[in-house]
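What TrEMBL says about this protein:
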ACT_SITE  TYR150  active site, proton donor/acceptor
ACT_SITE  LYS178  active site, schiff-base intermediate with substrate
BINDING   THR50, MET219  pyruvate binding site
SITE      THR49  site 'Part of a proton relay during catalysis'
SITE      TYR125  site 'Part of a proton relay during catalysis'
Amino acid sequence: MLSAHQLKGIFIPIITPFLPSGELDLASFERMVSQLLTHDIHGIVLNGTTGESPTVAWEEVRTLMESMGANMRRGFGQESVRGTSQRSVPIIIGVGTNDTRASVRRAEMAGNMGADAVLVVTPYYSRPSQEGIVAHYERIAQVGVPVIAYEIPARTGVRVDVDTMRRILDIDGVIGLKDSSGGTDLVSALTASGNNKPILCGEDRLFHAMLGQGASGGMLASAHVETDAFLDVYRLAAEGRYSESLSAFNCLLPLIELLFRESNPAPLKWLLAQQGVLASDTLRLPMMPITAGLQTDLGQLLAKGK
Ligand SMILES: O=C(O)C1=N[C@H](C(=O)O)C[C@H](O)C1
């Protein structure tokens with residue numbers, strides 16, 4: 001199980017590869033995870049936003065988890081591009097829904113599947129009160145699998161206020177927060193008021209800014225690409241070398257801008273397919289492939305070697 005002090009560094013919310021038929025593409029999945037594990041990443045998130053959780057069935061999450069577990073046991077990616085020795089990293093599973101009972105069941109199943117922690121998004125769509133949101137987290141935390149709260153109002157339609165987030169972070173069993181609130185106000189307010197639970201940046205373009213405000217790392221879709229450069233940004237900031245970290249981060253901004261110009265993870269899937277990591281950039285409806293204009297711009301970035 002993951003503890004709060006381990007919630008630091010670079011966590012990759014992995015994409016879910018599909019075949020052109022729409023079925024899971026396990027060969028691409030294994031290749032992608034194998035390559036990620038050649039880097040010193042700090043954890044993997046299965047079934048997050050980037051993993052297209054709204055259109056992935058729970059049985060498919062189980063299949064992906066089994067594939068990952070089996071491969072880690074036998075030394076995932078021994079034929080990796082770099083040939084380095086492999087290791088296993090903590091696995092966090094996204095279990096958040098807008099139905100507390102369903103999320104509780106998923107957290108129980110994730111624990112049984114061997115998840116080290118679960119990622120629980122603010123309950124979306126029904127616009128619960130702040131009290132209801134706290135009760136949602138309290139109930140899921142009772143399952144006993146460490147919970148990471150996930151605040152992303154642009155997607156959920158409801159915003160958790162700072163006092164409510166403090167109460168959520170005070171719950172036993174909630175080990176930290178993934179902050180995709182859209183700015184640095186939440187992380188600064190929590191840090192200023194003495195919060196001692198780790199906060200991971202979940203808004204790629206704000207990664208460096210959030211590290212400066214007390215974030216302990218990031219859960220970043222764009223770190224599928226240029227993984228070592230994202231690790232450098234984190235490491236330099238952790239060493240207090242903020243201006244070097246900023247220079248490293250500024251080099252990543254054009255990539256981040258393109259990866260989020262259209263809905264994540266469509267641009268990322270396209271890029272990984274171009275790089276041969278994925279066999280195809282297939283998404284499940286209502287997600288659509290990226291536009292021709294974005295393909296051109298991403299293609300130019302690829303040609304420059306970024
Ligand atoms: O998969 C995630 O979790 C992430 N979701 C954010 C989003 O798609 O809005 C972005 C972040 O990089 C990771």
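Quick reminder: no glycine exception, Cβ is built from N, Cα and C everywhere.
Please treat TrEMBL annotations as automatic predictions, because they have not gone through curation.
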Cβ neighbour count (within 10 Å, all chains shown) around TYR125 (site 'Part of a proton relay during catalysis'): 10
In sequence order, those recorded positions of THR49, THR50, TYR150 whose CB lies under 6 Å from ligand 1: THR49, THR50
Cα-to-Cα gap, TYR125 (site 'Part of a proton relay during catalysis') vs the residue listed as 'active site, proton donor/acceptor', nearest whole Å: 15
Which same-chain residues, if any, lie at least 6 apart from MET219 (pyruvate binding site) yet have Cβ under 8 Å of it: PHE11, ILE12, PRO13, VAL45, GLY48, LYS178, LEU200, CYS201, GLY202
Reduced DSSP assignment, MET219 (pyruvate binding site): strand
Set of same-chain residues at least 6 away whose C-beta sits under 8 angstroms from THR50 (pyruvate binding site): PRO13, ILE14, ILE15, ALA221, ASN264, PRO265, LEU268
Helix, strand or coil at TYR125 (site 'Part of a proton relay during catalysis') [DSSP, three-state]: coil
LYS178 (active site, schiff-base intermediate with substrate) CB neighbourhood, other CB atoms within 10 A: 29
Three-state secondary structure, THR49 (site 'Part of a proton relay during catalysis') (per DSSP): coil
